[in-house]
C-alpha cells in the first residue's frame, strides 16, 4: 500500500531535564525517533516527513543519514498546526500516517492493521482502553461509531468517565487531511490547534471513523520523562528476550540481558547474565557467552566460549575458540579457529592463527600470527611510532617468551624461539633462537640494607 508518514518531533521535553532533544534520547541504544523512522521505512513509506522544533540543529546532525524530509515548526501551536507544516509535501491521493517521535515501540503489525482499517474517505485511529485515563483525550462514541475526541482539559465530567483514549496515531487521505487541517480553530483551553478536532469535522461530513487497538498496549506509550523511558526500555528488552527464548536461545536471566541491535543465533546458545549485544551480532551453534560480556558488530562461530567480562567489537571469533575472561577484541581482530586469548589480552587489526594462543597480559596490534604460535605473557607488538602504524608478522610454530617487545615492522620466521624479556627490532629467520637479555650476575657477600635507628 502507498502511504507517507508524518512524525511529530518538535516537543522540547522539559520533564527530561536535559539539553538533548527528547526524541533523541535512546531506547535500546537507538534514538526514539529512529525507532519510528525505521518502522516506517520497513513498511515501505514513500516519504517520511519529520516535524521538528527544539534542538533542530542537533537533531539534524544525529539523524543526518535518515531518509526524512525536515519540516520546521517554528512555533509550537498544537498537533494540528504541526501536521499542517508538512501539508505542502503530502499527496492528495496517498494515505498519510501520523506518528510521534516519542512513541518508539509502535510496531509494523499495528500500523499495517491501522492502514488496512482506514475507511474510504475516512479516518482510522489508534485507541486503547485504560483503567486510569486521566490526562488523555477521550474517544466519544455515539451509538457505536466514533464521533469526536475531547481533550482532558476540555472534557465534561461525563466525558472524563470514558476509558477509551486517543493515542494520537491515525491515518487519513492526504487531500482530506489538508482540507480538515485548514478548518481547525484554536478555541480551547490551551489556545492550540488540536489534530484531534479533525475527527468531529470528518464525522460532520459523513465520513467514517474507525478505531483500531494496538497489538500490544505498550506500543502506544509515550515518553515525557526518564521514568517512562526506563519503563519502556525494560518492556522492550523483555519482548526481545522472550523472542530469543522462543527461538531456543538460553538466557540465564532474561531480566538481565540487553539487546541494542540485531542478534542472530544458532542452536544451543547460552547467554549468561548482564550481557549487552550492540549492532549486528552473529553467534553460531553451541556457543557460551559468559556474564558481563559486551558484543558489538561481531561474529562468533560454532563451539566457542566467551568467558566473563570480555568485550568484542568488530571482530571475528572462529570455531572452537576460547576468549577471556577480561579479553578485549577490537575492530579487525580475527581468531581463525581452535585458538585462545586469555585474561587481559587486547587485539586490534590482528589475526591469530589456528591453534595459537595468547593467554595473558598481551597487546597484539597490526599483527599477522600463524598457526600453533605461543605468545607469552606480557608480549607487546610495538606497532606505533607516534605517527604511523607498522605490521608484525609471526610465522607458524613460533614460541614467543614472556615480556617480549616486538618493534614493528618486523618478521619472525617459522619455528623461531624468542627468549623471555627480549626486545626484537630486526627480522628473525626460521628456526632461530633469539635471546637479548644480559647474562645474570651474582654478587657474593651482598647484604640487604638495614634501617638506621
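Note that Cβ sites are derived from N, Cα and C of the backbone, with glycine treated the same way.
Quick caveat, the model's predicted, so the values are computed rather than measured.
In Swiss-Prot this protein carries:
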| type | residues | note |
| --- | --- | --- |
| REGION | 1-226 | region 'Pyrophosphorylase' |
| BINDING | 8-11, 22, 73, 78-79, 100-102, 137, 151, 166, 224, 330, 348, 363, 374 | UDP-N-acetyl-alpha-D-glucosamine binding site |
| BINDING | 102, 224 | Mg(2+) binding site |
| REGION | 227-247 | region 'Linker' |
| REGION | 248-453 | region 'N-acetyltransferase' |
| ACT_SITE | 360 | active site, proton acceptor |
| BINDING | 377, 383, 384, 402, 420, 437 | acetyl-CoA binding site |
Tertiary contacts of the region 'Linker' (227-247), as residues 6+ beyond its ends and Cβ separation under 8 Å: 16, 25, 27-28, 32, 104-105, 216, 218, 221, 254-255, 257-259, 263, 265
Inter-residue Cα distance where the pair is residue 420 (acetyl-CoA binding site) and residue 101 (UDP-N-acetyl-alpha-D-glucosamine binding site), in Å: 59
Cα separation, residue 224 (Mg(2+) binding site) to residue 151 (UDP-N-acetyl-alpha-D-glucosamine binding site) (Å, whole number): 18
Summary of DSSP states over the region 'Linker' (227-247), given as helix, strand and coil counts: 20 helix, 0 strand, 1 coil
Cα-nearest neighbour of residue 360 (active site, proton acceptor) within the listed binding-site residues, 8, 11, 78, 330, 420: 420
Model confidence over the region 'Pyrophosphorylase' (1-226) (mean pLDDT, whole number): 95
Conformational class of residue 360 (active site, proton acceptor) under the three-state DSSP mapping: strand
Residue among binding-site residues 11, 330, 374 with Cα closest to the Cα of residue 383 (acetyl-CoA binding site): 330
Other CB atoms within 10 A, centred on residue 437 (acetyl-CoA binding site): 12
Subset of binding-site residues (377, 384, 402) lying within 10 A of residue 8 (UDP-N-acetyl-alpha-D-glucosamine binding site), CA to CA, in sequence order: none
Winner by Cβ contact number (other Cβ atoms within 10 Å) across the binding-site residues 11, 78, 101: 101
Using Cα positions only, nearest of the binding-site residues to residue 402 (acetyl-CoA binding site) (78, 330, 374): 374
Fewest-neighbour residue among binding-site residues, criterion Cβ within 10 Å, set 374, 383: 374
Distance, residue 11 (UDP-N-acetyl-alpha-D-glucosamine binding site) to residue 384 (acetyl-CoA binding site) (CA atoms, angstrom): 48
For residue 11 (UDP-N-acetyl-alpha-D-glucosamine binding site), the one of 102, 377, 420 that lies nearest, given that the binding-site residues are compared by Cα: 102
Long-range Cβ environment of residue 420 (acetyl-CoA binding site), under 8 Å and at least 6 residues apart: 376, 401, 402, 403, 404, 437
